[in-house]
Every structure is written in structure tokens, then in C-alpha cells.
Amino acid sequence: MSQFQTPDLPYAYNALEPYIDEATMKIHHDKHHVAYTTNFNKALENYPKLAEKSAEEILSQLNSVPEEIRTAVKNHGGGHVHHNFFWEIMAPAGQGGKPQGELLKAIISSFNSFEKFKEEFTTAAMTVFGAGWAWLSLVDGKLIIEKTSNQDSPYSLGHQPILGIDVWEHSYYLKYQNRRAEFVENFFNVINWLKVAEKYQANK
Ligand code: MN3
């Protein structure tokens, strides 16, 4: 049974150029993401009851996942969910809108200004040691910036991410090598703020 699928990218592999290159997107989606999904399904193979839930739900109840598959679910389920999420919250430059309306107000009220938010989010992304993610998440209706290691998930903490950046080296190394700062700066050109706003509205 293969319950979970790797969705196609919602745009072409080269759609995020020049900020994120086609080769990186191809390997990242077709190899890394597909492997997470495959291994997530494999972990759930003998647990059909679990596989009926949404992947986010499974991650949010990680402690009730049988111990023998918990680590696999955390790593591969996390990888599956986070990559679905990551493709969604990006869009070709200029097509993702701008933070505005209620979302912008919430960002300003939590971080003082959009610029300050960007600075703090960038610092979080830069200070993930090794592999992991930086997130903008909702916790009890309040926006926070947080980091997770590997594929550990904000969902497992009861948080609702609305924006996230993958700072595993596979996410940028082909184009940027060790220049993570440049990748993070350029990521801001391809954020799909319309989608982020949608997630904010759905979870606030
Ligand atoms: Mn990745």
C-alpha cells in the first residue's frame, strides 16, 4: 500500500530561477522528497490504522506512534510533510504577492516591523547547526520564529507552521556551496506570501 504520494511541484523545475536553480529543484523534489515519501510509507506498511490519518496528524501525535517505527516516522514523515509544505510556500518571483493585511499586521505586532522579522528569520536560518529548518509558526494564535533539527517537526510540538525554509545542504549546495546566507536572502524573492497568508488565516 502506498498511502502517501509525492505531489508534483506546483510550478516548473526552473520556475524559481535565478534564485533556486533547476538542477537543485529536480534533485530535491524527485530524489530527496520522493525518498522521504517512500520510506514514510514503508514505515507505515504494517500499521494501516495509522496510515488512515493525515501525515500532519501523525506527526502531531508522534508520541502515540508505536516505538518501533517512531524514529522512521519522525524522519521520513517529517521529510514528506515538510517538503510538501516547502514547495507550496514558494512561487516564481513576483507571483507570491507581498505580506499584507492581517498577516502583515500580525508580523509587525510580533516582531515590530517586517524588516525586523526578516532579520530574525534570517538569523534563525543561519544558526541551524547542521541540517534542519527555520519556521514562522503559530502557537496559540501568536507568531513565533523557531528552528528544528533534521526533520523534527513543529507539528510534533503542537505548532502550526505558516512559512519555513529548508537549510539542509541539499537545498542549496549545488548553486550556493557554503553560502547559506545568500540562499536565505534569495529565498525571500520566492516566498508565496499569498499561500502564507492562507495558512495564517486557517490556523490563527
Ligand atoms: Mn530538503
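Every residue, even glycine, has its Cβ placed from backbone N, Cα and C.
The structure displayed is predicted, hence computed values, not measured ones.
Of the residues His28, His76, TrEMBL puts just one in the Mn(2+) site with His83, Asp166, His170: His28.
The Cβ of Asp166 (Mn(2+) binding site) lies under 8 Å from the Cβ of His28, His82, His83, Phe86, Trp133, each of these being in the same chain and 6 or more residues away along the sequence. Within 10 Å of the C-beta atom of His28 (Mn(2+) binding site) sit 23 other C-beta atoms, taking all shown protein chains into account. By the criterion of other Cβ atoms within 10 Å of the residue's own Cβ, the least surrounded of the binding-site residues His83, His170 is His170. Residue counts for the domain 'Manganese/iron superoxide dismutase C-terminal' (99-198) by DSSP state, with H, G and I taken as helix and E and B as strand, are 52 helix, 24 strand, 24 coil.
On the 0 to 100 pLDDT scale, the domain 'Manganese/iron superoxide dismutase N-terminal' (4-91) averages 97 in this prediction.
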